[in-house]
Amino acid sequence: MEITEILVRYGELSTKGKNRKYFIKKLHGNVRLKLTAFKKINIVANRDRLHITLNGENGEAVMEELKDVFGISSFSPVIRVDKSVEEAKHAVVQLIKKQFKENMTFRINTKRADHDFEYDTNDLNRILGTEVERAVQPISVRMKEPDVDVRVEVRLDGIFISVETLSGAGGLPVGTAGKGMLMMSGGIDSPVAGYLSLKRGMEIEAVHFHSPPYTSPQALQKAIDLTSKLANYSGEITFIEVPFTEIQEAIKKQIPEDYAMTITRRMMLRITDKIRGKRSGLAIMNGESLGQVASQTLESMLAINEVTSTPILRPLISMDKTDIISVARKIDTFDLAIQPYEDCCTVFAPAKPKTKPKLKKVLEMEESLAIDQLISDTLSRLKIQTITRHDNSESTDQTTFDSLF
Ligand code: ATP
Ligand code: MG
């Protein structure tokens with residue numbers, strides 16, 4: 001028996017009232033994009049379900065891809081048999097046997113689109129249920145929350161049966177919540193922050209600061225590779241590379257060491273916010289988790305955040321490192337992230353950064369920097385590329401950013 005179709009159930013979006021249509025349309029598009037490699041499939045989006053007809057494509061492979069699409073609560077492989085009760089009996093028994101556990105409970109739930117079929121839904125429920133009890137033991141019928149829910153649909157072109165329900169990725173369809181800029185380092189945390197943002201329906205663009213020659217090409221590549229992992233959940237991701245050497249050198253020269261970190265972060269945030277504005281983003285996301293390092297105290301956040309009123313989303317704020325790591329493993333970014341290439345912040349990191357910086361002092365110290373000039377110089381030298389999920393190294397569509405500023 002071969003899987004002929006996959007039935008996809010929507011997640012939270014079923015509660016979205018007037019926006020429902022828009023959410024379904026987005027999800028439909030996202031599923032289509034995720035499954036582009038399967039040329040023969042046909043996708044139809046209904047009010048409460050999405051039907052994917054395989055037309056000979058590999059059902060297991062399609063389901064593997066669907067697991068990473070946000071906005072799906074669950075999905076089921078569906079098997080088609082010819083329109084005969086004997087065929088249906090045989091198929092239902094085989095499918096239940098594959099999942100069998102002692103004293104399991106089940107329910108048969110039949111629907112009939114073809115009203116000319118010789119049996120009605122009650123007949124079919126009874127016939128198929130009796131056959132299962134005869135052929136598979138020990139097993140019993142249970143109408144409320146059975147272990148296995150056997151769904152049978154009689155249509156004009158066959159009988160469609162499903163017994164298995166697999167969990168989807170949950171969340172909301174990517175793109176339904178608007179766009180935000182992800183501050184992407186090469187570390188463990190920011191990719192996880194990106195993943196969680198995507199999960200709540202955001203579209204993300206990655207902004208990465210690097211400082212050649214202090215930071216290596218491998219460090220840059222690592223950030224690109226991590227972005228590519230995230231692209232698994234969203235199709236493509238725009239990656240914006242910010243040359244940060246000039247600013248870091250200026251800070252090193254002009255700013256007392258204990259405030260260098262705070263002021264560096266403020267510069268990063270100012271620049272990210274400018275890029276966000278040009279690219280119509282609505283928020284900035286980072287991988288900060290409260291108390292993890294010196295820059296991640298509330299005092300630091302207050303001093304750094306002061307440069308903008310744009311929402312700064314910190315999806316990891318209350319997560320423990322161990323929990324962050326387990327998500328990183330799940331999304332396959334952990335092994336990449338722990339490769340030991342220096343980040344621009346590590347290279348210039350002062351020995352003892354202030355954990356409780358004073359804003360008044362920060363503002364005084366910044367007077368010695370030509371902030372506007374440094375920022376506009378940097379913004380004229382951005383590089384933008386599109387990262388896809390399979391191909392890490394090759395960048396399509398590489399352009400400089402001058403035209404935008
Ligand atoms: P991560 O594991 O994401 O690097 P971290 O625990 O090492 O985080 P920091 O290095 O202090 O913490 O960085 C805090 C956040 O600042 C990062 O999660 C990221 O969002 C942002 N950030 C740090 N370095 C960079 C960079 N080079 N480019 C872009 N964003 C950065
Ligand atoms: Mg880091």
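In case you wondered, yes, glycine gets a Cβ from its N, Cα and C as well.
Worth saying up front: this structure is predicted, and the values here are computed from it rather than measured.
Among the candidates Gly171, Gly277, Gly287, the one that TrEMBL lists alongside Met183, Met184, His208, Phe209, Arg265, Gln296 as binding ATP is Gly287. A simple way to gauge crowding: the CB of Met184 (ATP binding site) has 27 other CB atoms within 10 angstroms, across all the protein chains here. Filtering Met184, Phe209, Arg265 by Cβ distance to ligand 1 (under 6 A) retains the following binding-site residues: Met184, Phe209. A C-beta separation below 8 Å, combined with a sequence spacing of at least six in one chain, links Gly287 (ATP binding site) to Met183, Ser185, Gly187, Ile188, Asp189, Ser190, Pro191, Val192, Ala193, Arg314, Leu316.
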